[in-house]
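Listed in TrEMBL for this protein:
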COILED    2-146  coiled coil
COILED    189-241  coiled coil
DOMAIN    341-664  domain 'Kinesin motor'
BINDING   GLY424, GLN425, THR426, GLY427, ALA428, GLY429, LYS430, THR431  ATP binding site
REGION    691-728  region 'Disordered'
COMPBIAS  709-718  compositional bias 'Polar residues'
COMPBIAS  719-728  compositional bias 'Basic residues'
Amino acid sequence: QVETLKAKLLEQAQEISRLRSELGGTDAEKHRDLLAAENERLRQEMKACEGELRELQRQQQAPCRDCPHLQENAVLQEQLSQLQREAEEARAKLVELDLEVQQKTNRLAEVELRLKDSLAERAEEEERLSRRLRDSQETIASLKSQPQQIKYIIKTVEVESAKAKQALCETQSRNQYLQEQVGMQKQVLKEMEQQLQSSQKTEAQLRAQIMMYEAELERAHGQMLEEMQAMEEEKNHAIEEAFSRAQVEMKAVHENLAGVRTNLLTLQPALRTLTHDYNSLKRQVRDFPLLLQETLRSARAEISQAIEEVHSTNRELLRKYRRELQLRKKCHNELVRLKGNIRVFGRVRPITKEDGEGPEAANAVTFDADDDAVLYLLHKGKQVSFELDKVFPPQASQEEVFQEVQALVTSCIDGYNVCIFAYGQTGAGKTYTMEGTAANPGINQRALQLLFSEVRGKAADWDYAITVSAAEIYNEALRDLLGKEPQEKLEIKLCPDGSGQLYVPGLTEFRVQSVEDINKVFEFGHVKRVTECTNLNEHSSRSHALLIVTVRGLDRSTGLRTTGKLNLVDLAGSERVGRSGAEGSRLREAQHINKSLSALGDVIYALRSRQGHVPFRNSKLTYLLQDSLSGDSKTLMMVQVSPAEKNTSETLCSLKFAERVRSVELGPVSRKAELGSWPSQEHLEVIKTLLGDSPGSAAPAGRGHASPSPGQLSSRSASIRRKLQTSG
């Protein structure tokens, strides 16, 4: 505020000095002296206020925001600026008037110069004309005097002699020439008189114009004097008003300074309080970074601890969830085993180049990240969910698939019937899952390798014989793939032992004892199986392939015999004739394939709805699978689906059929085991003969064939009972 007042005082002092220089006079000088003394006193007071203000600024850096004199000072400053604007306007107006007077003076000077030039030119013209007039008068006078001489000469020549006639002629010719010159001079004189008259007219016009310019100049000069007098009066009036306003403003400034001085005296205690508060706040601000770092450190520690606790809790919950999921899966598998449900696994093949490109080759199948038994199919813009026992994504390997089914395969050694069949549309990957390739074998070869591994692990107590048969159903005809005449049609009949089991008379069985034997059997049967190329699959299976593995076992210590059968079925794929482009024999094959698969669907529907009659005999396929679908077998269906958008209709049908199959309950499975009489030496030799050992081969070390003692009989009978209790 003091700085602002100081600036205002300086401006007012300058304005007063300017007004003083313009007004002049003794009264103004006296008043000026008074104002100078007053200004000196105010300047001293201002210096004192500045010292106090500097002291206050050293004590407090923050400005006083709520001072009540700020508004008054602002009003005063605004009034002073208004006075300055009015003075500036008056000065600008005076400058404009001076400029106008200067312009009119310049115009008058120009008119005077032009008038002087015109007068000089007129004088020169008059002088020139007068000179010409004098010359003309002299010439006329001379000419007037010449003819008398000529007449006198002529008169005198007339009395002279004839010699002078020639001179007279010359004189006459000369006289004629001089007369012509006189006429010409008269004409020139007449023209000069006309020019003199025009010059006199021009002079009269110039004199009239000069008089008009002089009158206009006098009028402009008078008007300029009046305007200058009016401006002088206006200036004096403006100076008086400004002087009076300055006095009022100075008085108000004095009053404001007195009020400011009073306010400064009253603000000192408040300033000391504010200084104390400011120092305390400054100390708090100085200590704030340390407090903030400590708070952040503790907050980080608490957040890290909370995050660690949340992570540990999440890990524990995830572990419990996975454990519960495994337990649920185990309980579900046990429930499925007790109910005898058909287990259904789903496998989605990858997108291949045969699917083409564009929207039709887009992936329409997605999976649940938290549940490996659920998949989703996008069909006609709607997402349909399906729940199976297990779903394998396209990146699943053959090893991962077999790990899920190896428990069923090993139960075949214990005397259970097991059936694994692959179902799906043509080109969905059924043959790849069941047979695989030489470098990456499928379920068939891996199952036999697992059986050999299990047999070797139980070789100390058990003797096993594994036989393999391979057949196909082609156009509703059962053919032996391992026989010498594969075109021979076989029939399915009931076993004559009254067990109700089915068998195929004349079906060739090969006993396998190593992996090499397995490869030979598979190669032999694969060559004879019917495959053709269609629009949907380059190597389309045109028949249902059945691999029958029979495992017969004998416990040498108890005489317990087990017979297990493993049926591995690779069904031919369902196809639409319009899309596959089948014609001729391919068309007939497709019709038989679709008919047999339709019969399989009828059987599943009958089993699911618990009908009294199940139409197994409607097709060779269902009749051959009767043992596996009638409740005396552990059955697994591997449904193969294509993820391509163009195959969503077939995929939807396959998954719906898989859900229906999953709901079928076949009842508990029975074990095929029987306990024979105590094996004698002859019985052991017969069993070994059946299992492929030569009768003359030596018995295993440590096993005698003499009659046991009574104590040995009692102890061995007890061990037999314990084994029977544990095994069945």
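Glycine too: its Cβ is placed from the backbone N, Cα and C atoms.
Just so you know, TrEMBL annotations are computer predictions that nobody has curated.
Known features from TrEMBL, placed on the structure.
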residue: GLY424; record: ATP binding site; Cβ contacts under 8 Å, 6 or more apart: LYS430, LEU571, GLY573, SER574, VAL639, GLN640, VAL641, SER642, SER654
residue: ALA428; record: ATP binding site; Cβ contacts under 8 Å, 6 or more apart: ARG349, GLY573, GLN640, VAL641, SER642, SER654
residue: GLY429; record: ATP binding site; Cβ contacts under 8 Å, 6 or more apart: ARG347, ARG349, GLN640
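Across the residues of the coiled coil (2-146), the predicted structure has a mean pLDDT of 70. Taking the Cβ of THR426 (ATP binding site) as centre and 10 Å as the limit, one finds 25 other Cβ atoms among all the protein chains shown. Local packing around the binding-site residues LYS430, THR431 was summarised as the count of other Cβ atoms within 10 Å of each Cβ; on this measure the leading residue is LYS430.
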